[in-house]
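Now, the feature entries from TrEMBL:
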- 108-185: domain 'Beta-ketoacyl-[acyl-carrier-protein] synthase III N-terminal' (DOMAIN)
- Cys114: active site (ACT_SITE)
- 237-325: domain 'Beta-ketoacyl-[acyl-carrier-protein] synthase III C-terminal' (DOMAIN)
- His253: active site (ACT_SITE)
- 254-258: region 'ACP-binding' (REGION)
- Asn283: active site (ACT_SITE)
Amino acid sequence: MSYSKVAAIAHHVPQRVFTNKDMEALVETNDEWIRSRTGIHQRHIAAPGETTSDLAAAAASKVLEQSGVKALDIDLIVLATITPDYFCMPSTACEIQRKIGARNAVAFDINAACTGFIYALNVADAMIKANSYRKVLVIGAETMSYITDWTDRSTCVLFSDGAGAALLVPSEEPGLHTSLIRSDGNFGDMLMTPRMGFENPMRPRSRGGDIGFIQMRGNELFKVAVKNMAEVLHQAMDQSEFTPDDIALVIPHQANIRIIEAVAKRFGLSMDKVMLTVDHYGNNSAATIPIAWSEALDTQRVKPGDTIALTAFGGGLTWGSAIITI
Ligand code: ACO
């Protein structure tokens, strides 16, 4: 088999909904500011104790049910996350393996922030093409609420929790046509969680200060995100056999409606062809793309056989794009 394709995709978000009105009780903000600057109306936030692997395992279980594949037949789990259950080990992918009972799988995490799901697809595709694995769970899952400073109005209104999981399998026909991943560590401090979260007398505090929560230079990020998401989407399209007219739906990372609109404008794309979930889910980092893809199928925005384009940008900095027939 020379290709991989996504055979099933599903998502899971925590039950608790936190609206912009609820946010007004936490920080000095208002619904109008949040909607007009970000497009977000509400977001789902994990319950106390609910972890990234809980959300991911729930999404993965839905994929197994949808596809009729048994957990014991899964041979690889690739999880994209920046909010692992444990700081160092075990990996959150191993936790998912345990929770869904995928005893025969190999499991590992990838950290590429909001581009994580495209990175995970790229890696899983290469491992399938190398004939190593045949039934792969590719997951993007986050509990951004754990690394959010709920007293900082410039960041806490943006982030949220959720998970999306896809089953990637070998295929005679191309599913994943092109996937491009990029990074530039020179601008890591534009979006970071500076501290490791514990004190160690043998080591000075890590660069960037004293805070274990997200710190972000929003204005600068906005511009780089638009430029890089549009550019890498162009490059992925150029490397595939498709033109923009062949694309049924573009599924961008859901950080901010204004970033998405600016990317569409640069790409010469009508917003009818762009999937939006940022209004009801906010930005759950590596989970936004698989959640939006799953919802696009659930709401018949796309159907099997359609070709879609993904594009994302996140901390690292990282960015990437993929062209996929579903
Ligand atoms: N409610 C009310 N006022 C606020 C809030 C808030 N939640 N947050 C900031 N403000 C105030 C600021 O204090 C500032 O007030 P001042 O003029 O008195 O100083 C004013 O609003 C304007 O602040 P800006 O930061 O200039 O607002 P901007 O229009 O740039 O919007 C935003 C901020 C939404 C963060 C924007 O820069 C953005 O979307 N950047 C992209 C960042 C992003 O999405 N990051 C996610 C991770 S990266 C990724 O996923 C692609």
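The backbone N, Cα and C atoms fix where each Cβ goes, glycine too.
Whatever TrEMBL says is automated annotation, not expert-curated.
Features as recorded by TrEMBL, highlighted on the structure.
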residue : record      : Cβ within 10 Å
Cys114  : active site : 32
His253  : active site : 32
Asn283  : active site : 25
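Cα spacing between Cys114 (active site) and His253 (active site): 7 Å, rounded to the nearest whole number.
Secondary structure at His253 (active site), taken from DSSP and collapsed to helix, strand or coil, is coil. Residue counts for the domain 'Beta-ketoacyl-[acyl-carrier-protein] synthase III N-terminal' (108-185) by DSSP state, with H, G and I taken as helix and E and B as strand, are 26 helix, 31 strand, 21 coil. Distance between Cα atoms for His253 (active site) and Asn283 (active site): 8 Å, as a whole number. Secondary structure by DSSP for the domain 'Beta-ketoacyl-[acyl-carrier-protein] synthase III C-terminal' (237-325): 38 helix, 22 strand, 29 coil.
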